[in-house]
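Noted in TrEMBL for the protein shown:
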type: DOMAIN; residues: 103-212; note: domain 'Ig-like'
type: DOMAIN; residues: 223-305; note: domain 'Ig-like'
type: DOMAIN; residues: 324-386; note: domain 'Ig-like'
type: DOMAIN; residues: 393-473; note: domain 'Ig-like'
type: TRANSMEM; residues: 505-527; note: transmembrane segment
Amino acid sequence: PLALGLYTVNAVYGDTITMPCRLEVPDGLMFGKWKYEMPNGSPVFIAFRSSTKKNVQYDDVPDYKDRLSLSENYTLSIKNARISDEKRFVCMLVTEDDVSEEPTIVKVFKQPSQPEILHQADFLETEKLQMLGECVARDSYPEGNVTWYRNGRVLQPVEEVVVINLQKIVDKSTGLFTMTSSLQYMPTKEDANAKFSCIVTYYGPSGQKTIQSEPVVFDVHYPTEKVTIQVLTQSSIIKEGDNITLKCSGNGNPPPQEFLFYIPGETEGIRSSDMYVMTDVRRNATGEYKCSLTDKSMMDSTTITVHYLDLQLTPSGEVTKQIGEALPVSCTISSSRNATVFWIKDNIRMQTSPSFSSLQYQDAGNYICETTLQEVEGLKKRKTLKLIVEGKPQIKMTKKTNTNKMSKTIVCHVEGFPKPAVQWTVTGSGSIINKAKETKYVNGKFSSKIVIAPEENVTLTCIAENQLERTVTSLNVSAISIPEYDEPEDRNDDNSEKVNDQAKLIVGIVVGLLLAALVAGVVYWLYVKKSKTASKHVDKDLGNIEENKKLEENNHKSET
């Protein structure tokens, strides 16, 4: 044991140890010497310096060969400090009649290497005590201490939960220590992503210091506690024809790789990976879907609604009817939610649904009943009705003398579908007139017109023929010298409506005037009649007065 209060030199392993001789140099100094003491107290001389000859001698001590240096002031230096240099050294100054000694204690320190966590577990399992790893710090002097940390907090030993075992091994050749601390640990689910590290505490020349290892994160295995089923689709709303992917997952680590999927209509679960794919789904796929672990210990469910849209158009396709017939039309919708229905005729949207109580030629066309499902993108249905309205040719002929009095215009007004072919002939001669002009065929109607200047009376025949019938109508036309009463020429529907409206207006005005005149006449007649009656009463009253006067005169004469 070293005595307390002695002068101490702290040296770093591998550096140079410098020990001054702390004695005053006396007069008559002959020489100075350095020695160290063995554990049993016996001295070992290592250096000598004469004060007169100025020469230095180093003793033959193997541990200090080529490592010593003694200066003129008797300061001893030892290169490449070793742990074995930690001794009690003594400086001696000798005169003829005295020997002075001053001891110096040497302390050597070695910082350990940065600790490493070795033999790490591949993974940790919850509820199981297992070796997490070993924290190793090498080449320390004096020996250090090892402490384990979890997320920056000290791990204290807990029976069957945290078990720490520290071993310190010294290298006999160097005297350096290696500290190995093993950690047995029982993890929980919360240890996932936790950072484990260790710190070595050691002593250096200036006091206590620490070195920390790099943190390590372990893969913590824990059982699944909950199963979740998900529906993976491109849209949140599923419609017929879509593909559906069901994903089942467990919250364990590692996650389960196989599951049982329960499909509506299936009594047994379907074993699959974590994905189950259904393609081109139909409405019967609507229902509750479940998945569970293969041991059926846990289960989750979800409900899927497959939206659908059906459209039934009656009648549909190409339909041929006769003019004047009735045609009931219905567009029936069956859907998973409210649907919007609209009609299109010949690429123009209709305001109301078509209804035909008496078919006309203008009712013919291409009808489309189209429907879309509200809030379901891409779900749309449409069906088409191609309506053909047929009719036998109907003919009406008109004539008029043109304003120049030099010609007459004869018009054959034709209705029918398919469009009738029109031919003009002159009755009697049978000759065919080829100079007819036709108006545009619209809504089953058109006109064929010829202009003639007959020198004598003729009869013209208009023949209209289609696949249904051949219709013939004749018209007598006087010679050009005889004016014909103008007959109105058929106009298109719009003009006809305008003419009809104007005619109705004129008739209305005339009728109104006649009614006003009639009322005025009646009032005047009543007034005249009343005036005559009053005059008669006046005359009657005047006659009665005259008669009374005559009677009074006659009575007076009688009395006389």
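Heads up, the Cβ atoms here are built off N, Cα and C, so glycines get one too.
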Worksheet, complete the sentence: Using DSSP three-state counts, the residues of the domain 'Ig-like' (324-386) come to 3 helix, 33 strand, 27 coil
Worksheet item: When DSSP states are grouped into helix, strand and coil, how many residues of the domain 'Ig-like' (103-212) land in each?
Response: 3 helix, 68 strand, 39 coil
Worksheet item: What is the number of residues in the domain 'Ig-like' (393-473) that are helix, strand and coil, as DSSP sees it?
Response: 0 helix, 50 strand, 31 coil
Item to complete: Find the average pLDDT over the domain 'Ig-like' (393-473) in the predicted model and report it.
Response: 91
